[in-house]
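Here the structure comes first, spelled out in structure tokens, and everything after it is commentary.
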Number of protein chains: 6
Amino acid sequence: MYYTDKKLQFPVRVEKPNPVFARALQQAIGGVEGEIRVALQYFFQAWGARGPTKYRDMLLNTATEELAHIEMLATAVALNLENAPLSMQEEVSADPIGGGVLNGMNFRHILSTGLAALPENANGIPFCASHVYASGNLAADMMANVTAESSGRVLAVRLYNMTDDPGMKDMLSFLIARDTMHQQQWLAAVEDMGGLQASLPIPNSFPQTEEQEGFSYAFVNCLVDGVEPPEGRWSKGTSIDGKGEFASVVAEPLGGEPVLAPPRPESGSQVEQLK
Amino acid sequence: MYYTDKKLQFPVRVEKPNPVFARALQQAIGGVEGEIRVALQYFFQAWGARGPTKYRDMLLNTATEELAHIEMLATAVALNLENAPLSMQEEVSADPIGGGVLNGMNFRHILSTGLAALPENANGIPFCASHVYASGNLAADMMANVTAESSGRVLAVRLYNMTDDPGMKDMLSFLIARDTMHQQQWLAAVEDMGGLQASLPIPNSFPQTEEQEGFSYAFVNCLVDGVEPPEGRWSKGTSIDGKGEFASVVAEPLGGEPVLAPPRPESGSQVEQLK
Amino acid sequence: MYYTDKKLQFPVRVEKPNPVFARALQQAIGGVEGEIRVALQYFFQAWGARGPTKYRDMLLNTATEELAHIEMLATAVALNLENAPLSMQEEVSADPIGGGVLNGMNFRHILSTGLAALPENANGIPFCASHVYASGNLAADMMANVTAESSGRVLAVRLYNMTDDPGMKDMLSFLIARDTMHQQQWLAAVEDMGGLQASLPIPNSFPQTEEQEGFSYAFVNCLVDGVEPPEGRWSKGTSIDGKGEFASVVAEPLGGEPVLAPPRPESGSQVEQLK
Amino acid sequence: MYYTDKKLQFPVRVEKPNPVFARALQQAIGGVEGEIRVALQYFFQAWGARGPTKYRDMLLNTATEELAHIEMLATAVALNLENAPLSMQEEVSADPIGGGVLNGMNFRHILSTGLAALPENANGIPFCASHVYASGNLAADMMANVTAESSGRVLAVRLYNMTDDPGMKDMLSFLIARDTMHQQQWLAAVEDMGGLQASLPIPNSFPQTEEQEGFSYAFVNCLVDGVEPPEGRWSKGTSIDGKGEFASVVAEPLGGEPVLAPPRPESGSQVEQLK
Amino acid sequence: MYYTDKKLQFPVRVEKPNPVFARALQQAIGGVEGEIRVALQYFFQAWGARGPTKYRDMLLNTATEELAHIEMLATAVALNLENAPLSMQEEVSADPIGGGVLNGMNFRHILSTGLAALPENANGIPFCASHVYASGNLAADMMANVTAESSGRVLAVRLYNMTDDPGMKDMLSFLIARDTMHQQQWLAAVEDMGGLQASLPIPNSFPQTEEQEGFSYAFVNCLVDGVEPPEGRWSKGTSIDGKGEFASVVAEPLGGEPVLAPPRPESGSQVEQLK
Amino acid sequence: MYYTDKKLQFPVRVEKPNPVFARALQQAIGGVEGEIRVALQYFFQAWGARGPTKYRDMLLNTATEELAHIEMLATAVALNLENAPLSMQEEVSADPIGGGVLNGMNFRHILSTGLAALPENANGIPFCASHVYASGNLAADMMANVTAESSGRVLAVRLYNMTDDPGMKDMLSFLIARDTMHQQQWLAAVEDMGGLQASLPIPNSFPQTEEQEGFSYAFVNCLVDGVEPPEGRWSKGTSIDGKGEFASVVAEPLGGEPVLAPPRPESGSQVEQLK
């Protein structure tokens with residue numbers, strides 16, 4: 001069960017409302033790098049967690065925290081919209097420099113919400129829950145969470161660089177700090193489970209003897225003749241999981257051309273295909 | 001530019017076609033854990049890569065390889081569909097045990113493709129390119145790629161466990177091996193750039209002095225009074241990036257209740273909201 | 001069956017074409033508050049109507065009318081686009097105030113339709129038929145229809161306030177009037193079926209003795225200790241359906257912590273989850 | 001901010017796990033009639049609420065409660081999946097009656113989550129946040145909420161009728177009761193604001209003198225000659241808002257055929273269109 | 001404006017209701033090959049038509065006819081659902097052969113519509129209006145329409161082959177005939193505009209002298225060395241538009257490797273990319 | 001299998017980067033008229049091709065070529081973004097004419113990719129693989145491909161007209177030429193199979209004696225009394241396939257009003273529907 005105290009986790013203050021920045025902030029609410037995604041992702045990972053309960057509890061905690069982040073951002077969007085132009089006339093009367101403000105807005109902020117946030121990204125794409133990764137494999141999920149917090153922090157930094165409103169910079173510096181911690185936290189969970197090397201390859205419960213072992217540590221070059229393959233840590237030395245040696249090999253087809261049966265007569269093809 | 005030799009990277013053989021397994025295989029083609037996703041993801045990361053070109057080249061190589069994996073799986077779907085029932089009558093005449101085969105199929109395999117693969121997942125959801133993560137930050141992208149290959153290998157293992165067709169098991173054991181390598185490869189790229197610790201927090205180009213440092217290594221417990229917080233590697237000790245000390249803190253609101261202005265008269269609200 | 005006379009239900013006149021307003025109008029065509037949605041919603045409710053045929057007939061009538069509304073709006077979009085800039089050069093040569101016009105446009109109006117309407121919303125999101133609510137329960141559908149006409153009229157009012165083109169204001173004042181009637185009409189249907197109170201709770205065919213009656217008229221406060229619950233008509237007095245007494249209660253968990261079985265060995269988890 | 005106690009609002013018990021019923025339950029999680037939708041809808045209405053704060057507070061409370069409902073249903077899905085078949089072999093060895101179980105499952109329950117819930121509907125369609133209605137008009141939002149709880153209760157009743165598992169029937173009887181209350185609650189909020197009649201037409205802040213009043217209470221018959229219009233409460237008598245008289249009128253076009261300008265030469269049309 | 005007579009264009013009769021065939025029929029309603037798509041496509045082409053009005057009028061006519069086809073199919077779905085199982089118990093009591101019926105259904109037919117049609121395809125994917133092609137170029141649109149009617153007729157044929165219900169076969173034989181005509185009709189429109197050869201390349205208003213003419217009639221072989229290119233009508237002889245000679249050429253890169261600038265410092269990259 | 005040489009098929013040069021044109025170019029990458037669509041469409045047609053292999057080989061070749069087109073466009077987007085404004089401050093300091101640049105951008109170019117391309121259209125809608133048409137009927141697929149290349153060439157022409165950057169005009173004139181050829185190529189394949197007339201009606205494997213032949217060549221007028229039907233090639237003369245005579249007929253309903261059974265008691269309807 002869940003409870004609220006109706007207060008914000010961190011103060012949200014907008015000194016100079018900017019309805020175009022409101023559009024940009026939407027990416028952090030409903031974008032794939034945003035907070036609805038992490039909230040739902042951590043919730044579904046927690047609700048489906050099988051195995052030791054401490055990881056479930058940790059996920060549930062942080063999912064609950066993320067709700068407060070959506071709330072902060074939704075408040076920030078509403079505050080940035082408070083003086084937004086609502087009509088073409090207001091717009092035309094504006095000065096040339098500000099003249100494009102209406103054009104730069106998410107029109108649904110005017111037409112669909114009455115100047116409030118939407119569960120959408122900066123281009124007005126609604127959040128789609130297919131982005132909630134909860135695989136039932138704890139290590140895969142932790143990597144998905146590090147990814148979410150990495151792209152989330154990259155986004156928050158870009159928003160921070162985009163604005164010079166002190167209130168917005170403050171709020172974003174808090175969210176950036178939380179993203180720092182959450183990157184740490186999911187990696188710490190991997191360490192808690194025995195460390196990255198032991199976790200690999202994910203899932204580590206599948207016996208590697210059943211995979212085609214000749215291809216497990218080979219960097220395959222799909223290059224036409226005469227083009228040099230890229231060299232790096234991935235093409236030589238012991239593998240990251242310590243279980244193999246990297247090698248660089250040239251791609252070549254082990255199978256022939258695929259052969260499918262002709263179409264069946266009742267399957268709606270052309271007669272020319274049946275010949 | 002790209003070239004083909006029309007051949008399969010690894011032989012695709014189906015001994016006993018199973019149209020329901022064809023549905024399951026679709027998850028590896030058009031699912032979020034699937035091959036269209038990684039192919040497009042690595043291509044877009046490569047085409048937008050800024051900085052050292054060796055990472056771009058590596059991405060381009062593996063993107064190109066992934067095309068061959070979609071091709072193998074599409075072939076496997078078509079081969080599994082070759083004896084599929086096309087009508088309710090065929091179905092009724094089948095024996096009781098097999099009687100549910102038609103019901104368990106993706107109907108578009110009959111109705112929309114004439115017994116061939118679709119760029120969809122196991123439930124018939126078309127692949128959506130919002131799942132292509134290409135952030136412009138190389139470390140964030142590498143984490144996204146490890147995630148993709150982790151959930152991809154989990155999926156391939158589950159498909160391997162689902163079938164007892166020797167041809168299909170063979171093909172999947174090859175794809176599992178490639179997923180092993182690709183997990184390694186993206187982590188090797190992180191090591192090549194200086195290692196995971198140096199990469200954190202992602203993006204590492206943002207000065208941590210500008211984040212709210214008091215919250216950068218704090219595990220926040222969003223629990224009501226009397227509930228014990230989960231303890232683990234994340235709640236004490238040096239942080240994973242070596243730049244802080246983990247601490248467990250109780251969540252509390254630093255902001256008050258949010259206050260929005262009343263609706264503007266021309267914004268389509270109810271008069272009761274304007275009072 | 002359906003027929004047309006090729007004429008508009010109400011005149012559509014644009015005195016001063018405005019391609020940015022064309023973008024805004026799209027919300028009334030393909031937005032969730034728009035006309036494609038109500039047309040399809042009323043059609044599917046009619047085509048699936050079970051029970052007295054008069055409701056079916058009424059739905060079919062109004063569905064057919066809504067087609068004329070899409071037609072009016074599509075015409076309005078095309079007329080607003082007639083002088084739109086088609087190139088960056090035209091744009092640069094424009095005066096500073098108008099200079100943002102191209103930037104504010106839906107680019108598909110130029111690139112995909114040759115200056116005509118799209119079945120999309122103001123942000124270019126294609127209409128998705130998941131918004132067609134047709135539940136098979138007539139009262140639930142009438143509430144869905146009142147909702148559609150309410151958000152539709154809110155939208156039309158906002159568009160009316162956004163423009164000062166007399167032709168557009170005229171057309172919108174007609175659509176606003178139709179939305180007034182349609183709100184009335186669906187509520188009248190509820191009255192025709194016996195009134196709102198008799199309809200509740202929806203569906204009224206389920207015996208309330210089978211629900212957990214202690215929770216049927218309780219306002220649950222999910223607040224942490226010390227926060228005051230919101231008081232209002234919902235927290236005391238006879239319920240709206242006349243079948244209970246409202247009460248305000250404090251949320252508390254009646255269930256314990258959920259317990260799931262550990263992962264199964266063949267299900268692709270980590271070995272650490274299996275311990 | 002939000003907090004959790006990790007416990008379920010109501011006990012979730014499954015006596016005989018049924019993986020096909022797990023698929024059905026998904027509709028109540030990620031379907032348009034489901035709990036993710038209402039949780040996000042009430043949250044976004046609350047976070048964007050302008051005007052008297054008591055409505056905001058009420059919305060925030062119930063949004064928070066709905067999280068607990070998603071949690072209950074996600075737990076129910078996981079428990080129903082605990083003995084699910086994971087392979088074609090298990091399936092074939094099953095008895096004929098149960099033989100279709102695997103075919104009837106959501107394959108992502110096996111392939112993507114390791115036997116846990118997804119934020120999807122019963123057909124595997126991911127939840128899309130375009131279904132979050134938060135218009136900025138409180139009356140329109142209350143109607144949207146009554147709609148959500150009506151279709152939600154219809155769904156819960158159908159799920160109740162679909163199962164004979166006593167634990168599932170118990171849980172659903174609780175959710176049905178909560179839907180009863182929530183229908184009441186949103187109608188009570190309308191009463192609290194002055195009653196339904198006073199709220200109409202929504203938005204009631206737009207002066208009706210500016211709409212085309214001749215069409216505000218007219219039921220328009222879009223029927224070809226000789227077909228009888230449907231009679232009912234909507235075609236005669238005082239309107240529901242008490243502000244007009246219903247009348248039934250025959251549809252006729254007030255506008256002529258629409259006339260668009262020919263295509264512009266640089267707009268990519270055929271030359272035959274330019275003549 | 002549009003009108004209805006409430007009757008079906010062709011009788012819809014179901015002798016033996018089959019709820020699994022109801023699922024299959026959905027593809028013809030809400031699938032990409034289905035009737036909602038063509039109805040909306042022809043409407044939007046008509047409403048945006050610029051140039052001679054006869055093509056607009058023809059499009060409007062056929063769009064209006066397509067509404068009657070959706071209506072027929074929606075009726076067919078409802079009739080096929082009339083004896084559908086509503087619960088797991090009914091199912092278990094069924095005989096083994098029919099035992100999989102519930103599993104093979106679209107669960108939303110039970111849970112969301114009360115046994116009626118949905119604007120979705122056979123897998124439950126809602127219709128998405130991005131499939132409405134209306135380019136503003138009449139010839140491109142005619143080709144899109146031929147495509148829609150071709151895949152539509154292929155689908156109808158497959159549905160015809162799937163069922164042995166005489167009523168359903170009758171209805172489908174009517175829809176197949178209409179698809180035959182509609183393929184003809186759109187090709188006749190091309191002929192009416194001067195014929196296919198004159199229409200090419202689409203758009204024919206762009207001066208071919210401005211395209212890179214060396215590549216306008218060249219079949220490019222993207223094959224690695226030693227693989228034979230496919231020979232056919234496309235690789236030699238006069239081109240179909242009579243304006244060139246086909247030739248088969250080997251693919252080769254005319255551009256070098258792409259070079260992008262390094263990331264900008266404030267753009268959220270890793271420091272390793274900035275070096 | 002696939003291979004790359006890392007080079008561009010045609011040089012991509014941007015003389016004056018224009019971040020708003022970068023938005024427009026996205027339509028050619030991820031729009032329904034764009035290159036991801038054709039690449040995947042031709043690949044899936046090839047991988048599922050049944051019948052003569054030369055068509056499969058041709059499809060595979062051109063699919064492979066299309067990858068190089070996505071690559072060119074992605075490079076063009078990145079180059080157009082190189083001087084893009086990243087913050088509101090930069091924007092304000094710009095001159096009035098250029099002042100709207102930031103507002104006109106796809107914000108995800110800044111926030112999500114660090115100034116690189118996305119697999120999205122010009123409005124930021126991610127590419128959806130439901131647009132991949134691969135029907136298993138070769139003629140239907142060829143028509144779909146002509147459609148794709150027609151709308152693709154219309155789009156490329158509009159982009160060409162939108163820009164005055166010589167590098168961009170060059171690149172687009174190459175892509176326009178390739179679209180010319182690809183229109184030819186798919187029509188040549190139809191000719192190779194025996195010609196358009198012989199291919200009709202698609203699918204030509206279904207015996208026309210089983211369709212309702214009275215409707216196979218009839219243009220149905222859905223007009224109310226007194227409105228003149230549109231005359232043209234489609235309403236008289238021999239049909240395009242040479243198998244019938246066109247005729248113009250007045251629409252009339254051959255079926256009556258549809259009759260559905262009343263709702264079943266356990267199906268969640270209102271009691272008023274059950275009477």
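Including glycine, each Cβ sits where the backbone N, Cα and C put it.
These come from TrEMBL:
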- E:GLU35, E:HIS69, E:GLU149, E:HIS182: Mn(2+) 1 binding site (BINDING)
- E:ASP57, E:ASN221, E:GLY226: Ca(2+) binding site (BINDING)
- E:GLU66: Mn(2+) 2 binding site (BINDING)
- E:253-275: region 'Disordered' (REGION)
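Take the mean position of the Cβ atoms of E:GLU35, E:HIS69, E:GLU149, E:HIS182, the recorded Mn(2+) 1 site; other residues of that chain with a Cβ within 8 Å of it are E:VAL38, E:THR62, E:GLU65, E:GLU66, E:ALA148, E:GLY152, E:LEU175, E:ARG178, E:ASP179.
Closest to E:GLY226 (Ca(2+) binding site) by Cα-Cα distance, out of the binding-site residues E:GLU35, E:GLU66, E:HIS69, E:GLU149, E:HIS182, is E:GLU149. Of all Cβ atoms in the shown protein chains, 25 besides its own fall within 10 Å of the Cβ of E:GLU35 (Mn(2+) 1 binding site). Ranking the binding-site residues E:GLU35, E:ASP57, E:GLU149, E:HIS182, E:ASN221 by the distance of their Cα atoms from the Cα of E:GLU66 (Mn(2+) 2 binding site) places E:GLU35 first. Rounded to a whole number, the C-alpha distance linking E:ASN221 (Ca(2+) binding site) with E:GLU149 (Mn(2+) 1 binding site) is 31 angstrom.
Chain C comes close to E:ASP57, taken from the binding-site residues E:GLU35, E:ASP57, E:GLU149, E:HIS182, E:ASN221, E:GLY226 by a C-beta to C-beta distance under 8 angstroms.
Cα of E:HIS69 (Mn(2+) 1 binding site) to Cα of E:ASP57 (Ca(2+) binding site): a distance of 19 Å. Looking at E:GLU149 (Mn(2+) 1 binding site) and E:ASP57 (Ca(2+) binding site), their Cα atoms lie 19 Å from each other.
Classification of E:ASN221 (Ca(2+) binding site) by DSSP places it within a strand. When the alpha carbons of E:ASP57 (Ca(2+) binding site) and E:HIS182 (Mn(2+) 1 binding site) are compared, the span between them is 15 angstrom. In the structure as shown, the Cβ atom of E:ASP57 (Ca(2+) binding site) sits within 10 Å of 23 other Cβ atoms.
Proximity to chain F, defined as a CB-CB distance below 8 A, holds for E:ASN221 out of the binding-site residues E:HIS182, E:ASN221, E:GLY226. Residue environment of E:ASN221 (Ca(2+) binding site) contains 22 other Cβ atoms, counted within 10 Å of its Cβ in all protein chains.
Here the Cβ of E:HIS69 (Mn(2+) 1 binding site) has 24 other Cβ atoms within 10 Å, regardless of which shown protein chain they belong to. Secondary structure by DSSP for the region 'Disordered' (E:253-275): 7 helix, 0 strand, 16 coil. Taken residue by residue with DSSP, E:GLU66 (Mn(2+) 2 binding site) is part of a helix. Cβ neighbours of E:HIS182 (Mn(2+) 1 binding site) (same chain, under 8 Å, six or more residues apart in sequence): E:VAL38, E:THR62, E:ASN145, E:GLU149, E:GLY152.
Neighbour count (other Cβ atoms within 10 Å of the Cβ, all protein chains): 28 for E:GLU149 (Mn(2+) 1 binding site).
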